Structures are given as C-alpha cells and as structure tokens.
Amino acid sequence: MQMNSVWKLSLGLLLLSSVIGSFAELDFGHCETLVKKWADSSSSREEHVNKDKRSLKDLLFFLHVPRTGGRTYFHCFLRKLYDSSEECPRSYDKLHFNPRKEKCKLLATHDDYSLMAKLPRERTSVMTIVRDPIARVLSTYEFSVEVAARFLVHPNLTSASRMSSRIRKSNVISTLDIWPWKYLVPWMREDLFARRDARKLKEVVIIEDDNPYDMEEMLMPLHKYLDAPTAHDIIHNGATFQIAGLTNNSHLSEAHEVRHCVQKFKSLGESVLQVAKRRLDSMLYVGLTEEHRESASLFANVVGSQVLSQVVPSNATAKIKALKSEASVTISETGSDKSNIQNGTSEVTLNKAEAKSGNMTVKTLMEVYEGCITHLRKSQGTRRVNSLKRITPANFTRGTRTRVPKEVIQQIKSLNNLDVELYKYAKVIFAKEHELVSNKLISSSKRSIVDLPSELKSVLGEMGEEKLWKFVPVALMLLLIVLFFLFVNAKRRRTSKVKI
C-alpha cells in the first residue's frame, strides 16, 4: 500500500514536471515567434530607406543615448548650426508635435528609434553616439546618485517631492521630465533619504571603506544597483534596445513583450542586435564617446559641412550662428546652497550670443565647439561637486573607477552582452567613415595645387601627404623672402634713376 502511494506520488511529480516543461517550451516558442516577427517587420520597413545615407535630409533626428556626451553635441554643435526656429518642440519623454505638419529641421531627444514610425522616413536623417558599455553603465549610476543627492537639501523625502512638483517650470526642461532619469532618479532619491534617516538613528556612523561604489552607509552599492529590476529594465543593453526601438519609452505596442522575451531568453537577443546594427549602418553619423576629438571632427565634416552648405547668406537673415566661444551657461542648481535652493532638478539654459554670419566654415565651427565644451564642462564639474558634497565622503572621479572590483566589471559585461557587440560594430563603422572623410580631405588638398606651375606640381605630387603639409609653411616663408628682396631691389632702382 505504501509502495503504491510512493508510485502515485512519483507519477504525479513526473506529470507535473512534464507540464511545467511544456509550458516553458511554449513560452520560449511564443517569444521566438514574437521576436522574429518584430525583427522581420523592422527590416522590411527600412529596406528602401536611406539609400543615400551620407546626404543630409530635411530633418535631422539626433537619437540621444543617455551618458554618451550627447548633451555636449546638442549645445556645442547642433545649437550653433540650427536656428532656434528650426528646432522641433522638445520631446524628452513623448512626442509633443505632429512631425508631418511641422517644418522643423532638428529633433534631439532621448526617444528610441520607434519614433521613426511617426517621422517622414524618406526625409529624415538619423545620428547617434555610442559609448563603451562599462563606462556608460558606471556613468549612469554616478549621474543617478548625483542628481538624487541634490534633493538632500530638503528635510525629508515628502518635502523634496512636494517642492519639486510645485516648482516645475513650463518653459524649462527638468531632469525629472527626461527619460530615463524620470525613473532612475526618484528610485535613487528614495534610497538616499532612507539611508540618511538610518544614519540619524545611530549615535556614531563609521565609514570604513572609502570606495564610493561600495559605501553602503551613504548610498546604494553599485553591485546592488546592477541587480535591481529597474536596472534590468532600463539600463542593461540600453543602447541596443534604444536603437532597436524597444525601451520602456517605446512608441511600439509590442516593445515591452519583445524586450521581456529577450531578457528572459538570451539567445533571442541576436535578432535584436542585428536590427540595431542595420540601423547604425543606415545612419548619417555614428560617433564614439571614447574617440572624442576624432568624433567631433567627423561630425563637423559630415554633418556640419552639409548644414553650412544649405545656408544662403544674406545681410539680415543669415541663419548660421558664429557664436562666441564663451557661450554663457546659466545653471539653476538642484538644491544648491542658499541662493538656488529651489528644487531637486538641474535646469540648464544656454544664453546664446548670436552673431549671424553666412561665412562660417568647418574650421570655425570646430573652434566654436572647443570653446563651448570648455565652458560647459566647467559648469558641469561645479554642479557635480555641489551635489556630491551632500553625501561626503562619497565622490566620483575618473580615478575612483579603478576601485570597482573586477568581478563587478565582469558582471556589467555579462548583463550588457548586446551592447558590447553593438559597440564593437560601431567602432568598425566609425573607422570606415573616418578613413573616408580623411581621404576626401586629402583629395581636396591635392586639388588646391592645380593652379600651381607644372614644374612645382610635379615636385609636390611626388611628395607624400605628410611631407607636403610640412613643406607648405617653408614655401610660404621663401615666397615672402623673395617678394621682400624684389621690393627692396625695385626701390633701389627708383632711387638710382632720381640721382642721375
């Protein structure tokens, strides 16, 4: 009798495991079909779009992946090239205008690629910047802490939340209005207040570790941040999902389910990765955060030159803005000391000194950019210092990133496996475009000597490009010396004739 009961129990467990297994198999099968259907649909929509990807279309869509340096590009490049009247209404969270009716030329947003479904594809060029996934994730963590720490000027979380919602200004974009910070900052803010309250209950708080990424008494440790559901949904593989159009801010109805399937079954991620790669291939410009100077130069020559060429100069209405290199940046600090204790968000307004000119060149654009980023970085540095002093001794610098344990770095790589591959692919695209532009510039420099005497052209033609550029200053100096002697000699002849 006992053996019969054991046999029945075993049979029941076997049937149960079989049912569970079949459900899991059905779940995978459903996900596989769903992801494949989405990938096929995405590919077919883009088959005949952007055949001439290197030509700037009527609308430039800057797909801004968070923490890649896109804010610098927007303020120090794009706002110098486009007049404010040419900017589309801000769409940091959702689309706030009808793109088929508006005649704007620049759309810069944290929206993902799904926004393209609402834009006139045949008249839209896309650009983006990609960053090393490890650096991007660390920067996301640091910025979440930095912005959330600004709220600690308030006595408690209720006060901070009430004040920030009350002071929202309609004409200024707040960090809490922007995806993904509208999710990440409140999450970190709540954690910082909870830890501060816990410290107040203790008579003495001893912080033994000076590693800001593992300072549990002050803030959420990095390894816990990485494992949280919010991080899995928004941060990990964030660049791939954003370029694929599958974030939790997507305009696609199926985005959540597709993303969930890929997160649950890693093998399905390859389909999403391939879609993201094809979209990078079709873009007008792909920059790299780590190759800052080269990326800026490439942007100026690929995008900037085309925007400049479309401008028709006129005395009163030229639209190219040769801004002074010291762009005036006004920052309303989040919870800054005394004078600016207003709310828990960072609000940035650029007061542009506009000197309209139709004579701006790629060279002057780069000069303006260099001056602008120097000022902008200084302002950002000041803001960070003021924020992080509220959670002293925690502080983030380039040097402190070396304190992150190797196993945590490996964890970031594993959780961002799609982004790792996408970044590798972006580097290949960047290298090809950089070489192409460099060759065009060399060809242009060769054409500039067409009008020289044939003997001199022959000599220069045999010289290498590097030697050629070294030769130019010397040649100019020799030419000036010859002209000087000719001038002196002519003067002497005139003097001799007068004496006779």
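Placed from the backbone N, Cα and C atoms, the Cβ positions cover glycine too.
Fair warning: this is a prediction, and the values are worked out from it, not measured in the lab.
The number of other Cβ atoms within 10 Å of the Cβ belonging to R121 (active site), over all protein chains shown, comes to 16. The active site annotation in Swiss-Prot covers R121 (among others) and rests on similarity to another entry.
Reduced to three states, the DSSP call for E142 (active site) is helix. Taken from Swiss-Prot, the feature active site covers E142 (among others).
Note: N156 (N-linked glycosylation site) has non-local neighbours F193, D197, i.e. same-chain residues 6+ apart with C-beta under 8 A of its own C-beta. Marked as N-linked glycosylation site by Swiss-Prot: N156 (among others).
Positions annotated as N-linked glycosylation site by Swiss-Prot, on the basis of sequence analysis: N248 (among others). On its own chain, N248 (N-linked glycosylation site) has Y183, D233, I234, A255, H256, R259 as residues at least 6 apart in sequence with a Cβ closer than 8 Å to its own Cβ.
Taken from Swiss-Prot, the feature N-linked glycosylation site applies to N315 (among others).
Marked as N-linked glycosylation site by Swiss-Prot: N343 (among others).
Counting every protein chain shown, 11 other Cβ atoms lie within 10 Å of the Cβ of N359 (N-linked glycosylation site). Per Swiss-Prot, the feature N-linked glycosylation site maps to N359 (among others); the stated evidence is sequence analysis.
Taken from Swiss-Prot, the feature N-linked glycosylation site covers N395 (among others). Of all the Cβ atoms in the protein chains shown, 16 others lie within 10 Å of the Cβ of N395 (N-linked glycosylation site).
For 1-24, the entry in Swiss-Prot reads signal peptide.
For 25-467, the entry in Swiss-Prot reads topological domain 'Lumenal', with the evidence type sequence analysis.
Taken from Swiss-Prot, the feature topological domain 'Cytoplasmic' covers 489-500.
The transmembrane segment annotation in Swiss-Prot covers 468-488, and the record cites sequence analysis as its basis.
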Long-range Cβ environment of E142 (active site), under 8 Å and at least 6 residues apart: F396
R121 (active site) and N359 (N-linked glycosylation site), distance between Cα atoms, whole Å: 31
